[in-house]
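Asks: Once you've had a glance at the structure underneath, I'll fire off some questions.
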Amino acid sequence: MSLADELLADLEEAGEEDGLYPGGEEGESDGEPGERQVDGGLEDIPEEMEVDYSSTESVTSIAKLRHSKPFAEIMDKISHYVGNQRKNSEVSGPVEADPEYRLIVAANNLTVEIDNELNIIHKFVRDKYSKRFPELESLVPNALDYIRTVKELGNNLEKCKNNETLQQILTNATIMVVSVTASTTQGTMLGDDELQRLEEACDMALELNQSKHRIYEYVESRMSFIAPNLSIIVGASTAAKIMGVAGGLTNLSKMPACNLMLLGAQRRTLSGFSSTSLLPHTGYIYHCDVVQTLPPDLRRKAARLVSAKCTLASRVDSFHESADGKVGYDLKEEIERKFDKWQEPPPVKQVKPLPAPLDGQRKKRGGRRYRKMKERLGLTEIRKHANRMTFAEIEDDAYQEDLGFSLGQLGKSGSGRVRQAQVNDSTKARISKSLQRTLQKQSMTYGGKSTVRDRSSGTSSSVAFTPLQGLEIVNPQAAEKKVAEANQKYFSNMAEFLKVKREKEDKV
């Protein structure tokens, strides 16, 4: 026995011990294998993808809804009521007792069966036509578009070129890809019998789709007659769905809003498939057009609001009040106002000035020790030059491995300008004009400077260069003696009063 067989045997023994197979061994049941039911659970439905219809002869053997008696009766009644319009005043008593209301519920349930039947027919057509054009399944994923394309092409794949009917079904880009793929396909021609069965299946699918749209139009037109206020809020189709699941308008009016929001929720997940795409606690209300128009983060909140308003509208409709839908319009306006309020942008923040910083008590110490400490911890002149950068000049890196680290103005040659401290003219010491003239006279010499008159160094010479004699030694004091002799007549300390002297001479 291999390892896989041993593991399977262990699983079977564990299942028998836990009671997973009640009523006998595995696989034993009273009915067919596909009809077994679990107590308290749902009936096992075989997946549509697991069934192979390639060996099925006719589509009528698997799709029986089109020729069934309930389908024909419902469509006949719809034709009868469409021709005979009724007034709202004709409805009295519980709405569930009205025959047209029961027809609406049955027609709404029939649309679900039509969708399932279309999926079966699509699988049948796909399995049959894969013999002729196997690539078409991946090129046209939509079921109805695929069926219409198969009906149009048939055995002749050249019809996809310049076909006006096909342009109404597919986009131009898809038609181009289909035509290119059809020229290289490896499919084989279909027989006349197979082609006839395909056309029969395509016609049945198109008839069922047309009947479904006819049911939708009828339900939407009559929901305003059965539940006008409810249909105004969520639409006629969604209103018919939630009424059908709830079991009637009276039961719907007795249901709280939290339960109404869960009507139509999908609880079943396929084995082996991810459940992340399934939204929990979401039903028909969540997927209606009113809620889906909002952003995803507001849809759950909107579904709760719409469910509450639908509960109020259903109670009004169950008592045949507000037949003109005034209550429904008021509730819908309230919903739209709240939706607009939720989506409003937040108010603009008011720009406030920053508050004054709370400065603590500063250290105000001074003195010689404090000055010495500041000098010791302060920046040196070398560091100041290293931190100083020249404007509009590219810096050179000091080290190859340290990019961005430069020496600033420390290692650069000077520009010829000496950086001096700025002098404040308002506090600068001033000299009077008379003192300036006195200092200027003291610094003036005739023939140059001498060591006697000036306090300059002794290297100063009294040699003058003249254009007549060339080098000439000049005595700086000679000119001063002449000026002094001229001034002694009036300004000398030894000068006498001339007038008094003359009078003395006259007396003598």
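Using N, Cα and C of the backbone, Cβ positions are placed for all residues, glycine too.
Pulled these features from Swiss-Prot for this protein:
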- 1-45: region 'Disordered' (REGION)
- 7-32: compositional bias 'Acidic residues' (COMPBIAS)
- 96-131: coiled coil (COILED)
- 192-226: coiled coil (COILED)
- 226-344: domain 'Nop' (DOMAIN)
- C258: site 'Interaction with U4 snRNA' (SITE)
- H281: site 'Interaction with U4 snRNA and U4atac snRNA' (SITE)
- R300: site 'Interaction with U4atac snRNA' (SITE)
- R304: site 'Interaction with U4 snRNA and U4atac snRNA' (SITE)
- K309: site 'Interaction with U4 snRNA and U4atac snRNA' (SITE)
- 345-368: region 'Disordered' (REGION)
- 442-461: region 'Disordered' (REGION)
Asks: Counting other Cβ atoms within 10 Å of each residue's Cβ, which of the recorded sites H281, R300 comes out lowest?
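Replies: Sparsest of the recorded sites H281, R300 by Cβ contacts within 10 Å: H281.
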Asks: What is the three-state DSSP composition of the domain 'Nop' (226-344), stated as helix, strand and coil residue counts?
Replies: 73 helix, 0 strand, 46 coil
Asks: Compared by Cα position, which of the recorded sites C258, H281, K309 is the closest one to R300 (site 'Interaction with U4atac snRNA')?
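Replies: Among C258, H281, K309, H281.
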Asks: Using a 10 Å radius around its CB, how many other CB atoms surround C258 (site 'Interaction with U4 snRNA')?
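Replies: Summing over all protein chains shown, C258 (site 'Interaction with U4 snRNA') has 12 other Cβ atoms within 10 Å.
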Asks: What is the interatomic distance between the Cα atoms of H281 (site 'Interaction with U4 snRNA and U4atac snRNA') and K309 (site 'Interaction with U4 snRNA and U4atac snRNA'), given in whole Å?
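Replies: About 18 Å separate the Cα atoms of these two residues.
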Asks: Could you state the CA-to-CA distance between K309 (site 'Interaction with U4 snRNA and U4atac snRNA') and C258 (site 'Interaction with U4 snRNA') to the nearest Å?
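Replies: Cα of K309 (site 'Interaction with U4 snRNA and U4atac snRNA') to Cα of C258 (site 'Interaction with U4 snRNA') measures 11 Å after rounding.
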Asks: I need the most crowded of these recorded sites: R304, K309. Count other C-beta atoms within 10 angstroms of each C-beta and give me the top one.
Replies: K309
Asks: Could you tell me the C-alpha distance between C258 (site 'Interaction with U4 snRNA') and R304 (site 'Interaction with U4 snRNA and U4atac snRNA') in angstrom, no decimals?
Replies: 7
Asks: Looking only at the coiled coil (96-131), what is the model's average confidence as pLDDT?
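Replies: The answer is 85, the mean pLDDT of the model over that range.
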Asks: Please list, for the region 'Disordered' (345-368), how many residues fall into helix, strand and coil according to DSSP.
Replies: 1 helix, 0 strand, 23 coil
